């Protein structure tokens with residue numbers, strides 16, 4: 001199935017995570033998150049699955065983050081918890097009025113929702129689950145939601161734990177490399193200073209030897225002249 005985060009209706013214009021980018025080895029959290037979500041994103045649902053509706057503003061913020069560049073100081077930051085506050089009124093405990101598919105919300109499959117929830121948390125917000133992409137349709141029963149998310153939740157926990165461990169390993173490796181480079185740089189500077197001092201010392205020693213030899217030659221010449229004068 002083609003990754004897209006799009007609803008299966010022909011007329012929708014939901015998010016396309018591919019964005020025309022060619023795959024490349026990932027090295028940052030942004031790229032790793034994008035890769036793991038893309039691996040499970042789909043246009044259609046499996047049997048007994050339902051749509052988990054997510055606010056568009058959150059999905060757009062997440063996409064901006066994963067497509068950002070770590071080298072850019074102004075790159076988008078990670079979005080907050082997946083709360084769906086623009087879709088659900090917690091005070092009145094009901095779906096907000098006049099919401100539109102794509103503009104206000106989009107549907108993802110259970111595994112993608114589980115990955116988002118594991119990555120960012122939900123701040124105890126309940127998922128909005130429907131058998132169709134109509135947010136005002138009959139909600140899916142809580143027992144069905146629990147059953148269809150049981151395996152995805154376990155898989156998401158395992159995958160994100162692995163992702164975090166890999167990032168931590170890379171971070172430690174980078175810190176170790178920097179420490180090693182610092183040590184090597186310090187050793188190099190120390191050797192350079194030592195070589196410089198040794199060179200200066202050799203120059204001084206050579207100059208001193210030359211002065212001593214010169215003094216010795218002058219003394220010898222003076223002695224010869226005195227001897228010559230006495231014998232002359």
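These residue numbers are counts, starting from 1, taken along the chain as shown.
Just so you know, glycine gets a Cβ as well, placed from its N, Cα and C.
Straight from TrEMBL, the features:
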COMPBIAS  174-187  compositional bias 'Basic and acidic residues'
COMPBIAS  188-207  compositional bias 'Basic residues'
DOMAIN    24-133  domain 'DUSP'
REGION    174-232  region 'Disordered'
Tally of DSSP helical, extended and coil residues in the domain 'DUSP' (24-133): 32 helix, 17 strand, 61 coil
Overall pLDDT of the domain 'DUSP' (24-133), taken as the mean: 94
